[in-house]
Amino acid sequence: MNQEVMNLFNPQVPAQTFDSIRISIASPEKILSWSYGEIKKPETINYRTFKPERDGLFCARIFGPIKDYECLCGKYKRMKYKGIICEKCGVEVTLSRVRRERMGHIELAAPVAHIWFLKSLPSRIATLLDMTLKDIERVLYFENYIVTEPGLTSLKENQLLSEEEYMIAVDEFGEDQFTAMIGAEAIYEMLASMNLEKIAGDLRSEMAETTSDLKQKKLMKRLKIVENFMESGNRPEWMIMKVVPVIPPDLRPLVPLDGGRFATSDLNDLYRRVINRNNRLKRLIELRAPGIIIRNEKRMLQESVDALFDNGRRGRVITGANKRPLKSLSDMLKGKQGRFRQNLLGKRVDYSGRSVIVTGPELKLHQCGLPKKMALELFKPFIYARLDAKGYSSTVKQAKKLVEKEKPEVWDILDEVIREHPVLLNRAPTLHRLGIQAFEPILVEGKAIQLHPLVCTAFNADFDGDQMAVHVPLSLEAQLEARVLMMSTNNILHPANGAPIIVPSQDMVLGLYYLSIMNQNEPGEGMAFSDMGELHHALETKAVTLHAKIRGRYKTVDAEGNPVSKIYETTPGRMIIGELLPKNPNVPFETCNQEMTKKNISKMIDTVYRHCGQKDTVIFCDRIMQLGFSHACRAGISFGKDDMVIPDTKVKIVGDTEALVKEYEQQYNDGLITQGEKYNKVVDAWGKATEKVAEEMMARIKAVEFDDSGRQKPMNSIYMMSHSGARGSPNQMRQLGGMRGLMAKPSGEIIETPIISNFKEGLTVNEYFNSTHGARKGLADTALKTANSGYLTRRLVDVAQDCIVTHTDCGTDKGLTMTAIVDAGQVVASIGQRILGRTALDNIDNPVTGERIVDAGKMILEPDVVAIEKAGIQSVRIRSALTCEIQTGVCGVCYGRDLARGTPVNMGEAVGVIAAQSIGEPGTQLTMRTFHLGGTATVVDQSFLEASYEGTVQIKNRNMLRNSDGVLVAMGRNMAIQILDERGVERSSQRVAYGSKIFVDDGDKVKRGQRFAEWDPYTRPMMTEVEGTVHFEDVVDGISVLESTDESTGITKRQVIDWRSTPRGTDLKPAIVIKDKNGNIAKLARGGEARFMLSVDAILSVEPGQKVSQGDVLARSPLESAKTKDITGGLPRVAELFEARRPKDHAIIAEIDGTIRFGRDYKNKRRVMIEPAEDGVEPVEYLIPKGKPFHLQDGDYIEKGDYILDGNPAPHDILAIKGVEALASYLVNEIQEVYRLQGVVINDKHIEVIVRQMLQKVEITDAGDSTYIVGDNVDRIELEDVNDSLLAEGKKPAFGEPVLLGITKASLQTPSFISAASFQETTKVLTEAAVAGKTDNLQGLKENVIVGRLIPAGTGGTMTQIRRIATARDELILEERRKGTGAESATPMLADMANDPAAAE
């Protein structure tokens, strides 16, 4: 009541709307203009009266009254004196909440440097003055004097003088001949006297002259800061403070605790230090104290102000009474507990409850069970309102009483209130948007929330004690959004990959699988049924079993909706499932006439969703769930010990392997193989044995057996559970019935002795001990993994949060080329899977018939995909978010289908956040480790090529010879074998390694799976193209070649060793030369001599004087990969790719097409040049470390983008050399590979959205007529804007190359400083923004959440759109008025726009 009366007298001022927020450095005048008075005393409140002291930190005269409308001395009380200032105590009579708004200030007796501009690297003050930070600190903290005005003396400007040097200089030159100052005053003078325009001009001219890169960078940094100051209107001397602002007292409260003690904010202590020291300094100056004392006091003042702004940034941390560091102003903003992340982005919610969840199988998909007690509490305000409306109560107090007594009418009203009022259920951790969904509450007894079993997958919930939170959407708009967008029935598909997420699991799958099994010789086999009634009757009378082969009539409808029926060979169980299928011509009985494994059930639901729409799907899912549960119950599948079958051959397999291991031990003891080789072989042998046992076991379990009457025996229960996808994996079955196999040590190495027993036999003590390692490491890993995965998600969300669908179509002609991903002859991702739901960039035509499949700019749907794959189209150009040309966000056509809805994406969809969630959510399923697998197990290198399609061979860049054995050998380094289908369309194209044996030639026909090339994966050969006699050059025993004999075989081999390590060998160039019959060096086809340089470690395959013919091998270099290499896998690999880090030994990529030439070598680097093939291109030179295996020969032709040195390529190189498209396909494929290993499906477009955000910056290569400097990193959008205005004025535009930034860097460089500051390095971001006077236009989601507005996505996006239209309209009217056409013509215009928003656009 009181509040309402108050509102009559001071009506609520509507919150001002604003479009942007600007941050800059506060000038002393600005600080004084905020202030309501100076704080002169460090006192806070009087210990007897508890009233604030006058002029103290809580002074009521400055900050306002403590009680509403009451001055401090009590002379004026109540509203009627509003606005009067009491003459006794000087307090204005007003609301006490002004104590949260009014600021004060402290006048400093000596200027003080602001620590952010001093210490936040790079130091702004130091860069601006072009001095080192150390020197500036020396001056500021009173260690050295600085010469500001040398006069005619021999001193230099900005020279530092120690105390003694200063005294000597004064004696020598006299005090008035030069000026040297100390402390912040000195820096203030220097900053104030700077002429920024002149400095900027000098820097620009100096940059034009300088040649050194380092100098250029330094000048650029300084110029940037100078320009920032000029553009933002900040003055450099404002970085030195003469006035310190004091924040309002209610934001740093002093609270009395019981027992006469006080709890206080740390800021009060920090302010008190500043005031004390400041007052003492004033007094000392008045007393004319000696200079040294005053200097010490000034230094202490500087330190206390530093501590107030950023405690611990410089010097010791200032601690409070309890020895813990005091929280300074910076600490209030920083980190997870700071203002940004704790309070602005992490608000708590009212009207919420949480409880344990239990399963609710009788609920419908859109319902959840809400305990009555909980509902009563959550919906209280609604209940009070209804009680009042129905006349049960006249006041809130009465209503409260009724509810507390739980009167029967209250329950009736609760039912009314809850009807169709959705509530939100949330399960932490909310890793993706399906972690919060809306349901209609059904009141239940008890205290547990009931959850529908089908939504468990989305929430990742189970019923082993999980808890969930309930939230009530209050406003009508919120209820509407909950119902339309968040209802569980609207979230049938997974936003990450578009597959159904409402899929039966566990028991339901088992029940359906059991129902759909077909067995032989069951009772009733061969019967025929005309309708379901007959079938149910026969089942009841046991004339037929669920699994018998029968013929049944399935009734459905055709395209016109007329009933049709067809007879199928099926089982009664499958007929029962078919009964539930919606009647639709596109959902045939075949969808369920098969074994219903989890995969098939998912496909079935997908088919139903695509053809019958959402409503039918939801009903179908509910019925399928009921069916699954009831049949799981009836089947009563369980397993006993005997269901775990141990294969009989296990003993033999283990025995054979043990013998093999013994043999290896013997070889090692005889010194034939090294320790490492033995280890690898042993591990490999046991690995194979484990696999073999597992295979035998699976074969036993799967086997179909019959009983004496010839009826098929029931299937093995464990196999059923695993095969149906209900529970358990083949791996777990192997541990139960096969052998557990190899275990890892905590270090990640594999223990040589495996665990031979399985769980059925039981483990020996040793085996048990060995297996504890792995179990413990698994638990430790899980904890680390969760944290890492969460951090990755946070970085992804931060980088992509401002990526929103803002326009329908950007009309770009750029896009990506999609092809199928083939790995080792297996198609991992077909072209159809990759292009489904994307927009075609060009028309897609059938290459044979020429008929149009998809028009350019249209979305590729399921039928189109089938047509494209049938037509054998190999590559399709599609639009992608990566190449979208909209300035902010992306356009709908480039993005394509909204995966969670199966329709084109809506305007205002926050696709960035969805992408981040889709990539981050499966993060916890990825592994954490770097694999150190021993042994041949990891020689993943392929050693052959197989045809993945049938067709005709065509060889690109054909360069082959027949060697002396008559086998074709590839001599070219960029040969490719293509397979064409009967219509001449290329189905696949594979590069062939140099030296491969080729079994096909142009025009040959190949069958699928036929091997057409193979090579040795462990060595790379060096072959001759000419015939002749072998001669060695510089091959000197003991210096460049070492001979060794293999003891087991007695064969000697000669291997090249590093000849440069000995003084005698420095000038040798070991090579093999081929001479013709006249004794001259033979000539190669491409014009060089037949001289083959040998690399270190090459093994010679020929003897001097030996005759060789074309294609014969002269020497072999062992390949690195034959050794086991560590593969970074899982989460660390994904993070490495998104952070765009350079790999340790990264590949070197050729930048141009051309010929390899060797230059003069350096001490431990080889010089390799590429002579360009085209004219007018500069040759490129690379330095390659000598120890690295290098396989190219002098004169080899190499194409742009080929690897000169093998390894993982650095993404930056791919971008620079091959461009954005190649980079995108590299990153997408590498990231997908990690997820694919874990069986996680993520749509490519999500990764593309993130990569788009990583490519927002451009490095200027040609500044044109702009103000940019070459080497500047600018925003892509900003560059486009600048160029548009340059072109409009007829000037030369600036050009830039795209730059790839890692996600952390990209987040910190977003145009929005609010978003960047709330991410990481808060002080640094804010310092930078303040110096540049940045403006935040509030375009992303995060900034808007922080300032407390609707986000510009979804419903908020529409509001933004409407506001934009309104502003445009206002501007139009103002323009009219300005032109002087008067208001008359503008008024009708206004009316038009109000009726037709499109006109306003």
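Even glycines carry a Cβ here, placed using N, Cα and C.
Residue ranges 77-101, 927-951, 977-1001, 1377-1401 are listed, and Swiss-Prot annotates 1377-1401 among them as region 'Disordered'. Cβ proximity to the Zn(2+) 1 site centre (mean Cβ of Cys71, Cys73, Cys86, Cys89, cutoff 8 Å) flags the following additional same-chain residues: Ala60, Leu72, Gly74, Lys75, Tyr76, Glu87, Lys88, Gly90, Val91. Comparing Cys884 (Zn(2+) 2 binding site) with Asp464 (Mg(2+) binding site), their Cα atoms are 46 Å apart once rounded.
The Zn(2+) 2 site is set by Cys810, Cys884, Cys891, Cys894; from the centre of their CB atoms, other residues of the chain with a CB within 8 Å are His807, Asp809, Thr812, Arg879, Ala881, Thr883, Glu885, Ile886, Val890, Gly892, Val893, Tyr895. Long-range Cβ contacts of Cys89 (Zn(2+) 1 binding site) within its own chain (separation 6+, distance under 8 Å): Arg54, Ala60, Arg61, Cys71, Leu72, Cys73, Lys75. Among the binding-site residues listed here, namely Asp462, Asp466, Cys894, Asp466 has its C-alpha nearest to that of Cys86 (Zn(2+) 1 binding site). DSSP assigns Cys894 (Zn(2+) 2 binding site) to a helix in the three-state reduction. Here the CA atom of Asp462 (Mg(2+) binding site) lies 39 Å from the CA atom of Cys891 (Zn(2+) 2 binding site). Within 8 A of the CB centroid of the Mg(2+) site residues Asp462, Asp464, Asp466, the other residues of that chain are Ile357, Ala461, Phe463, Gly465. Across the fold, the C-alpha of Asp462 (Mg(2+) binding site) and the C-alpha of Cys894 (Zn(2+) 2 binding site) stand 38 Å from each other.
In the shown protein chains, 25 other C-beta atoms lie within 10 A of the C-beta of Cys71 (Zn(2+) 1 binding site).
The most crowded of the binding-site residues listed here (Asp462, Asp464, Asp466) is Asp466, judged by how many other CB atoms sit within 10 Å of its own CB. DSSP assigns Cys884 (Zn(2+) 2 binding site) to coil in the three-state reduction, outside any helix or strand.
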